[in-house]
Amino acid sequence: MNPRLVFEIRVHGFLLWASMGLLMPFAILAIRQGNREQNPKRLRIIFYLHAILEMLAVLLATAGAIMSIKNFNNLFNNNHQRLGVALYGIIWLQLILGIFRPQRGSKKRRVWFFTHWIVGTLVSLLGVLAVYTGLGAYREKTSKSTKIWNIFFTTQITLIVFIYLFQEKWVYIQNQGVILDNEVVNFSLDNKVLKPESC
C-alpha cells in the first residue's frame, strides 16, 4: 500500500475513534449526570455540554465518512464498510431527533425520549463495533498489528462502561449510613429488632 493511503486510513480511524469512542460516550455520561441535577443552571450547562459533544462527534464522523467515500475502495464487500454506511445514517437520525425534541410535558415527549434512547444506544453499540471492525480491516490491508490498539480501546470502553454503571449507584452509595428525614430504621438480627438509640 502506498504511504498516502495508509495515512488517510489512519486519519479516518482516528476521526471515527474520536467520534464514536470518545466524544459520544462522554456526551452520554454528561447527560446521565444531569438526571440527578436539581440546580436549573447546572442542568442547562450539562445539557449544552451534551449537545456540543454530540454535534462535534457527528461532525467528526461525517468528516470520516467523506474521507472514506472520497479516498477508499467502496465496494462494500466487508463488514466494516457496510456497518459504516448504516452507522452514518443512524448518527444523523439521532442528531435530527435531538434537534426536534418535543417540550417536556407534551404527549409526544415519552415516545421521543424512548426513540432517542434506543437510537442512541444503537449508535453507541454500532460505533464500538465499527471501531473494532475498522481495526481488523486496517490489519488486513496493511498487515500491521493492531493488538495494542485493541487493548487500548477495550480498556477505554471498559472504563467508560464502569463509569456509566457507577453513575447509577453513586447516590445510593453516598446515602449508605445516612439516616434520611422521617426514615424509620429497624435492624433485624436473629429475630430481634434493634432500634437506633437517640444521642
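Placement of Cβ uses the backbone N, Cα and C atoms for every residue, glycine included.
Per TrEMBL, the features are:
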| type | residues | note |
| --- | --- | --- |
| DOMAIN | 1-174 | domain 'Cytochrome b561' |
| TRANSMEM | 12-31 | transmembrane segment |
| TRANSMEM | 43-69 | transmembrane segment |
| TRANSMEM | 81-100 | transmembrane segment |
| TRANSMEM | 112-135 | transmembrane segment |
| TRANSMEM | 147-166 | transmembrane segment |
Counting only residues at least 6 beyond its ends, the same-chain positions whose CB falls under 8 A of a CB in the transmembrane segment (112-135) are 12-13, 16-17, 19-21, 24-25, 28, 78-80, 83-84, 86-87, 90-91, 93-94, 97-98, 101-102, 146, 149-150, 153, 157
As a test: from 12-31, 43-69, 81-100, pick the stretch that has the greatest number of Cβ pairs under 8 Å with the transmembrane segment (147-166). 12-31
Which residues of the chain, 6 or more past the ends of the transmembrane segment (12-31), have a CB below 8 A from one of its CBs? 46-47, 49-50, 53-54, 56-58, 60-61, 63-64, 67-68, 71-72, 87, 120, 123-124, 127-128, 130-131, 134-135, 138, 153, 156-157, 160, 163-164, 167
I'd like to know the mean pLDDT over the domain 'Cytochrome b561' (1-174). 90
